[in-house]
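According to TrEMBL, the active site, proton acceptor annotation covers K206. The NAD(+) binding site annotation in TrEMBL covers G10, S11, G12, N13, W14, G15, F42, F98, A154, R278, K305, Q307. Positions annotated as substrate binding site by TrEMBL: K121, R278, N279. For 5-172, the entry in TrEMBL reads domain 'Glycerol-3-phosphate dehydrogenase NAD-dependent N-terminal'. As annotated by TrEMBL, domain 'Glycerol-3-phosphate dehydrogenase NAD-dependent C-terminal' applies to 195-348.
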Amino acid sequence: MSLHKVAIIGSGNWGSAIAKIVGENAQKHSDLFDRQVRMWVFEEQVDGRNLTDIINEKHENVKYLPGVKLPENVIAIPDLIEACQGADLLVFVLPHQFVHRVCTDLKGKLGKNARAISLIKGLAFHDNNISLFTDEIQNTLNVPTAALSGANIADEVAQEMFGETTIGSQTYEEDGELWFKLFNTPYFQVTVIADSVSVQICGALKNVIAVGAGLCDGLNDSPSQRCRYGNNTKAAVIRRGLLEMRKFGKSFFGGVRTETFFQSCGVADLITTCLGGRNRKVSEAFVNSGKSIEELEKEMLNGQKLQGTTTAKEVHEFLKARNMTEDFPLMTTVYRIIYDGEPPETIVRDI
């Protein structure tokens, strides 16, 4: 049996953290995977040098995951087609706004036995319609596509702090063990299930709820607030957010299973994102800074992108087109605070 060749499409904070795991497992399971793991890197200049050259020399993504060594078998490639040439396992881990272009560029260039997995935490919105990124990848490239999502703050995973994740695969019986061996480690424990739809719903919408949690933290820091906002407040936002996430999935997608929301991709990811992570951090600063969310993103994230605010806007447009904004009061309120200038304290008053 020929060895499976892996290509990682994306090299940001999370992409680099997952490259560490995949690189190590490619060496560990040498009877199953080709040793070399190619990672597509969008070329940038860092201190006058190509980022790919720095990664391949230092085995470290000095811009997006500084201080963490990548396995030497992870090779940074600036050309997408070259990075994916001959690969039959494609790991998509890039900002969701680039998925369509990347899939279009790869169309017709993959082997017939290729399969993919999406680590993208978002939903695809086109003309006020909504779809899953596994569907977009699968339909464009004609490859079966699984999804991975969980309580996985990238820096903690890279530092080998214990955590769990969930893989949803519609081809669970054929590919479940393969994906398990590619990603599972003693510190990054994988559960494989058949419900890829709910895995993605959770991964996308929890970022919107995390923006709400960050607004609560910002209100708690503000001396001008007459009402206090503490851990009880955030717990209420998390609970209501989980209910809205489940309701959204049940309302607009088939095959959603309630039990999936109690996997790492569901309640665990929601909690950790509301306690830490970029969406919570930037929205906390939004309350008292007087700056727009776009300004704060540029100042605080070193080139990374917020998913929660973008998804909040897309979800709102989707719901508005169906006259259903009032059915999802928490997500609607998050949108109105960020984009319509509503006072931050409406995060609890209007839900």
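Every residue, even glycine, has its Cβ placed from backbone N, Cα and C.
Positions of TrEMBL features highlighted on the structure.
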{"residue": "G10", "record": "NAD(+) binding site", "contacts (Cβ under 8 Å, 6+ apart)": "M39, W40, V91, F92, V93, L94, P95, L119"}
{"residue": "G12", "record": "NAD(+) binding site", "contacts (Cβ under 8 Å, 6+ apart)": "Y64, V93, L94, P95, Q304"}
{"residue": "W14", "record": "NAD(+) binding site", "contacts (Cβ under 8 Å, 6+ apart)": "V93, L119, N152, A154"}
{"residue": "F42", "record": "NAD(+) binding site", "contacts (Cβ under 8 Å, 6+ apart)": "S11, P78"}
{"residue": "K121", "record": "substrate binding site", "contacts (Cβ under 8 Å, 6+ apart)": "H96, S149, G203, A204, K206, N207, Q307"}
{"residue": "R278", "record": "substrate binding site", "contacts (Cβ under 8 Å, 6+ apart)": "M300, L301, Q304, L306"}
{"residue": "N279", "record": "substrate binding site", "contacts (Cβ under 8 Å, 6+ apart)": "N207, A210, V211, G214, T273, L306, Q307, G308, T309"}
{"residue": "K305", "record": "NAD(+) binding site", "contacts (Cβ under 8 Å, 6+ apart)": "P95, Q97, E297"}
Recorded positions (A154, K206), the one with most neighbouring Cβ atoms at 10 Å: K206
Max CA-CA distance, Å, over listed NAD(+)-binding residues G10, S11, G12, N13, W14, G15, F42, F98, A154, R278, K305, Q307: 21
Env. residues of substrate site, Cβ within 8 Å of mean position of K121, R278, N279 Cβ: N207, A210, T273, G277, L306, Q307, G308
Largest inter-residue Cα distance among K121, R278, N279 [record-listed substrate binders, Å]: 13
